[in-house]
């Protein structure tokens, strides 16, 4: 599954949307634009990450259960601190940040469906783990985009969930009998290979909303698929957050926990963020050399996804060679997808031979 995403993503998937939605705020960051592709020569000529970092050059993630209010709080934090907001990565994250930005057919987007998961989480066609595997790869791409933006411009980023909290859904799926143990083993192997390559958030904000209130919000929202989510599944997500995620993250970054009504006061949350010491975690040990290595990784999206390709047979995410080749060839026939970004005349790219 990740191999399919690897083949369908250009090397610089974040280039198209790098500065989208970013704000220019005085004394907050050097620039919201990354004009040239970073490399060894740029580093030698003085493009050093440490020169761009300041007190607001942070990675902040907002976590919580379904319908816990993550989006609004994350947007408010980003706006008040002059950071860039990254909405939660979904199935179409890769297509939204590459090509013309339009959603692609399900065949090019993991062959999975969130609606189908809600309707029939125990479907025997493997949709549940295919969905989880694809979403992890999407979060990985987004996290690499966020780090690329921060290291290239100095502007802080605020994300809704991340690769560090994604596992809470896997644990809930397994506890509810939606996926097999082999799927859990495969997922954990991918985590083992990918997480060490990245730096964790500087701060995690968790919105603690009781399952009963979550269910009430879901019913009020009125999504016919989401309304089928059980309280047991939501409780397993909450348990994974509180028993595993928060204790682990508290060892390597700052953690703030708010109730649903406390999270509504974003000004108070921002004040708490500004009072944090940020005196633990691997960010303290970084220098221009380690930042250079990380920048080289996160700007190469094929390399980012390469870490997720584990050579193991798993029916839920395995497709045949002929089917894979057909999908790849069909993808390359789409507008703006045949060559690297900026080299496709069919979508209006100019001066191709001079690039």
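Yeah, the Cβs are placed from backbone N, Cα and C, and that goes for glycine too.
Features reported for this protein in Swiss-Prot:
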- 1-35: transit peptide (TRANSIT)
- 122: N6-acetyllysine (MOD_RES)
- 122: N6-succinyllysine (MOD_RES)
- 250: phosphoserine (MOD_RES)
- 285: N6-succinyllysine (MOD_RES)
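This view paints the features noted in Swiss-Prot onto the structure.
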residue : record            : contacts (Cβ under 8 Å, 6+ apart)
122     : N6-acetyllysine   : 128, 177, 178
250     : phosphoserine     : none
285     : N6-succinyllysine : none
